Amino acid sequence: MGALRPWARYGLLVGAHLLALGLGAAVLQALEGPPALRLQANLRAELATFQAEYGACLPPRALEELLGTALAAQAHGVSSLGNGSETRNWDLPSALLFTASLLTTTGYGHMAPLSAGGKAFCVVYTALGLPASLALVAALCHCLLPLLRHPGAWVAIHWQLTPATAALLQASGLGLLVAGIFMLLPALVLWGLQGDCSLLEAIYFCFSSLSTIGLGDLLPGRDHGLHPVLYYLGQFALLGYLLLGLLAMLLTVEMFLELPQVRAMVKFFRSRGPLNAEDEGGIVGQDELALSTLPPSAAAPERAPAC
């Protein structure tokens, strides 16, 4: 495969991506098609039963118009179900969560602007705020990555590991730590607090949030008649979890991108040309930089003569 031209390599990559898309679509169609058909049949049966009992009291197509209006309002985060005093649309926690979903590209879809001014503001706010958010995340990653490399450098020195092995061990450890703190632990909390949520659904919500998919079919603390204090605390906790969790995920991705195996795969799709300093040094140069940041007492075992 090394003899392939760059355009052939990119064609291979695009073909593999399209194959993965087709495979994912086929699997989802097989898994989700039958439940969707059953749900549609149940809905039609419920509508038929309702029309048979109360159809004589309703004008023609009145029920369809009412359901259409309710569904259109629900798509914008407005619901008339339950007690009217429990509706919380565009209060401060909901607005903060919505803006955070814009700037983090999560986009849960549980709320949407109704007015033309709100839609125009979202366009301008996201166009200005998203680059600023990316710059902030890049600066935080630049500051935190050297700190995260210290444990791997210490392990590489004391266990006498190769730089590639130390980098793989460090990235794997960080991935497991982030998965436990920002995926499994919040899922267990959500599973315990949300009565109608299974553990799989809680893990599904955490993953969709931290991967910025934000499908929005499950959002904690909505439509459950919570006490106002618990509702506000839950919304602010979700906001903090979203911001900190995304930062942790980006740090983990950056750590995995520095692996020699990943660098070799990326280099395979590059155009042929002279090697630069980054290609020649690779992860070894970064490990040497990380080792040089250790105090002299920590680096002393490396200079000790072997027995």
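For all residues, glycine too, the Cβ spot is worked out from N, Cα and C.
Keep in mind that TrEMBL annotations are predicted by a computer and have not been checked by a curator.
Among the residue ranges 8-26, 198-216, the one that TrEMBL annotates as transmembrane segment is 198-216. Your range for transmembrane segment, going by TrEMBL and the list 52-71, 92-111, is 92-111. For the transmembrane segment (123-148), same-chain residues at least 6 beyond its ends with a Cβ under 8 Å from one of its own Cβ atoms are 99, 102-105, 170, 174, 246-247, 250-251, 254-255, 290, 293. Residue counts of the domain 'Potassium channel' (192-258) by helix, strand and coil are 44 helix, 0 strand, 23 coil (DSSP-based). Counting residues per DSSP class in helix, strand and coil order gives 40 helix, 0 strand, 20 coil for the domain 'Potassium channel' (81-140).
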